[in-house]
């Protein structure tokens, strides 16, 4: 890659990461301030802050990986450095997906209307179960990430000394296929929480369909609060599912480069696309929450007032 291409791609990556970190930091800050003010934290705020913090870490890791790949490409020929970065990427990746799945499940049990005994039992206790569920997600994420560090100090380079007439040369081949296979297999586990979110979305549709059959819309087109809550929850879940599919495709593009020589450009493009998922979904969460939306409007209003004051 040329210097101009490297610089352009790095600027795009930094811009994407900063926008996403800003959005997720805003979510974490608003929920933290609410916690300090009320001396307690609501279940939804606990989940949102967990999602936000995990995605801030994920974006930092992806950006770090991109910088190393562009500025110090030979670093990843040594196994220890690459496995260390991949461990934190896999860990934050799993945390982000599992926490987002908890958000989908929370919306489902809080908003959907079913009369099955197990559903009602969980619905009445969902607030008490959230903290335990998040802790289980952390433990599972650690368990799925640790295998990436296996043979941590092993080198990816396989060097053979060859003699050519007088001089002897050391020829090295880099083989990352085995490590890439482990990484792909571990991240395929994320299909399970993705499936859970998908099932939650489909059940929300079923719940909304049953609800609209029972509650007919008026002539003015007014929707009752339950219908509005269903629609908002489904928008949040479907946006997560769609963005996660894009993220998975980008991850496969980046990981497939391990099987091909001279494919740094494919890795960087994969990481640029991957950054879209944690960056854009944070703003969808802000727009989908009345509390976060009102806080963002207040912040934008103050920024606008400050800018006007500086002009005069």
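Every residue, even glycine, has its Cβ placed from backbone N, Cα and C.
In TrEMBL, annotation is done automatically, which means it is predicted and not curated.
Values in this document were obtained by computation on a predicted structure and should not be read as measured data.
Under the heading domain 'G-protein coupled receptors family 1 profile', TrEMBL lists 23-285.
Positions annotated as transmembrane segment by TrEMBL: 12-35 (among others).
The transmembrane segment annotation in TrEMBL covers 47-72 (among others).
Residues 43-44, 47-48, 50-51, 54-55, 57-58, 61-62, 65, 119, 122-123, 126, 130, 133-134, 137-138, 140-142, 144-146, 148-149, 183, 186-187, 189-190, 193-194, 196-197, 200-201, 203-204, 233, 236-237, 240, 244, 278, 281 of the same chain lie 6 or more positions beyond the ends of the transmembrane segment (87-109) yet place their CB under 8 Å from a CB of it. Sequence annotations record features per position, and here TrEMBL assigns transmembrane segment to 87-109 (among others).
As annotated by TrEMBL, transmembrane segment applies to 129-148 (among others).
Residues annotated as transmembrane segment in TrEMBL: 188-209 (among others).
What TrEMBL lists as transmembrane segment is 237-260 (among others).
Annotation comment: TrEMBL describes 266-288 (among others) as transmembrane segment. Remote same-chain residues near the transmembrane segment (266-288) are listed as 9, 12-13, 16-17, 19-20, 23-24, 26-27, 48, 51-52, 55, 58-59, 62-63, 65-66, 69-70, 96, 100, 232, 235-236, 239-240, 243-244, 246-247, 249-257, 260, 296 (criterion: CB distance under 8 Å, separation of at least six residues from the stretch ends).
Sequence-remote contacts of a segment are chain residues at least 6 beyond its ends whose Cβ falls under 8 Å from one of its Cβ atoms, and for the transmembrane segment (12-35) they are 41-42, 45-46, 48-49, 51-53, 55-56, 59-60, 62-63, 66-67, 268, 271-272, 275-276, 278-280, 282-283, 285-286, 291-292, 295-296, 299.
Residues of the same chain lying 6 or more positions beyond the ends of the transmembrane segment (188-209) and with a Cβ under 8 Å from any Cβ of it are 93-94, 97-98, 100-101, 104-105, 107-108, 111-114, 144, 227, 230-231, 233-234, 237-238, 240-241, 244, 248.
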